[in-house]
Amino acid sequence: MNFSGKYQVQSQENFEPFMKAMGLPEDLIQKGKDIKGVSEIVHEGKKVKLTITYGSKVIHNEFTLGEECELETMTGEKVKAVVKMEGDNKMVTTFKGIKSVTEFNGDTITNTMTLGDIVYKRVSKRI
């Protein structure tokens with residue numbers, strides 16, 4: 001399955017508590033909670049380029065599925081991680097105690113991130 005395309009956030013749950021737990025400052029949490037971010041994915045074989053735009057903040061990540069890479073987090077921190085496929089429609093990674101599962105289903109992406117007992121869920125639609 002190829003996931004290439006542009007997707008815009010439609011809804012999110014537990015944004016504020018999750019971002020607080022990640023250490024994001026309160027002013028940035030308040031600015032970011034209502035922004036409908038856009039993710040652009042270029043998926044070619046095992047290579048993935050991901051550009052996420054939240055207002056003026058842009059995060060670029062490139063990785064090869066199944067290989068260690070450096071990812072930039074929402075806080076701007078760079079972390080080492082391995083992004084793996086589960087089945088043919090889920091990308092899964094773990095970094096700094098956070099498990100991230102990104103599920104592709106037609107024109108919808110559901111990203112679920114878990115940190116301790118806080119679960120942040122973001123649903124995006126293809127635009």
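Using the three backbone atoms N, Cα and C, a Cβ is placed for every residue, glycine included.
According to Swiss-Prot, the feature (9Z)-octadecenoate 1 binding site maps to LYS31, TYR54, GLY55, SER56. Sequence-distant neighbours of TYR54 ((9Z)-octadecenoate 1 binding site) (same chain, 6+ residues apart, CB-CB distance under 8 A): GLY32, ILE35, GLY37. TYR54 ((9Z)-octadecenoate 1 binding site) falls within a strand segment according to DSSP.
The Cβ of ARG122 ((9Z)-octadecenoate 2 binding site) lies under 8 Å from the Cβ of VAL9, SER11, GLN12, GLU13, PHE15, THR110, ASN111, THR112, each on the same chain and at least six residues away in sequence. Annotation source Swiss-Prot lists (9Z)-octadecenoate 2 binding site at SER39, ARG122, citing experimental evidence.
What Swiss-Prot lists as N-acetylmethionine is MET1. Same-chain residues at least 6 positions away in sequence with a Cβ under 8 Å from that of MET1 (N-acetylmethionine) are, in sequence order, ASP88, ASN89, PHE104.
According to Swiss-Prot, the feature phosphoserine maps to SER11 (among others). The secondary structure of SER11 (phosphoserine), as reduced to three states from DSSP, is extended strand.
Taking the Cβ of LYS31 ((9Z)-octadecenoate 1 binding site) as reference, residues of its chain lying under 8 Å away and at least six apart in sequence are, in sequence order, GLY55. Summarising the annotation, Swiss-Prot assigns N6-succinyllysine to LYS31 (among others) and lists similarity to another entry as the type of evidence.
According to Swiss-Prot, the feature N6-succinyllysine maps to LYS36 (among others). DSSP assigns LYS36 (N6-succinyllysine) to coil, not to a helix or a strand. Cβ neighbours of LYS36 (N6-succinyllysine) (same chain, under 8 Å, six or more residues apart in sequence): GLN8, VAL9, GLN10.
Residues annotated as phosphoserine in Swiss-Prot, with a large-scale study or a structure entry given as evidence: SER39 (among others). The Cβ of SER39 ((9Z)-octadecenoate 2 binding site) lies under 8 Å from the Cβ of LYS6, TYR7, GLN8, LEU50, THR51, ILE52, THR53, ILE109, SER124, each of which sits 6+ residues away along the same chain.
Look at Swiss-Prot and you will find LYS46 (among others) tagged as N6-succinyllysine. LYS46 (N6-succinyllysine) is surrounded by 12 other CB atoms, counting those within 10 A of its CB over all protein chains shown.
All chains included, 7 other C-beta atoms sit within 10 angstroms of the C-beta of SER56 ((9Z)-octadecenoate 1 binding site). Per Swiss-Prot, the feature phosphoserine maps to SER56 (among others).
Sequence-distant contacts of LYS57 (N6-succinyllysine), defined by Cβ-Cβ distance under 8 angstroms and a gap of at least six in the same chain, are GLY32. Taken from Swiss-Prot, the feature N6-succinyllysine applies to LYS57 (among others), supported by similarity to another entry.
Listed in sequence order, GLU70, LEU71, GLU72 are the same-chain residues six or more apart from LYS78 (N6-succinyllysine) with CB atoms under 8 A from its CB. The N6-succinyllysine annotation in Swiss-Prot covers LYS78 (among others).
Other Cβ atoms within 10 Å of the Cβ of LYS84 (N6-succinyllysine) number 13 in total over all chains. Residues or ranges marked as N6-succinyllysine in Swiss-Prot: LYS84 (among others).
LYS90 (N6-succinyllysine) falls within a strand when secondary structure is assigned with DSSP. Annotation source Swiss-Prot lists N6-succinyllysine at LYS90 (among others).
Counting every protein chain shown, the number of other Cβ atoms lying within 10 Å of the Cβ of SER100 (phosphoserine) is 19. What Swiss-Prot lists as phosphoserine is SER100 (among others), and the listing cites similarity to another entry.
Here Swiss-Prot flags LYS121 (among others) as N6-succinyllysine. DSSP assigns LYS121 (N6-succinyllysine) to a strand.
The residues near the (9Z)-octadecenoate 1 site, meaning same-chain residues not in LYS31, TYR54, GLY55, SER56 whose C-beta sits within 8 angstroms of the mean position of the site's C-beta atoms, are GLY32, ILE35, LYS57, in sequence order. For the pair formed by LYS121 (N6-succinyllysine) and SER100 (phosphoserine), distance between Cα atoms is given as 10 Å, rounded to the nearest Å.
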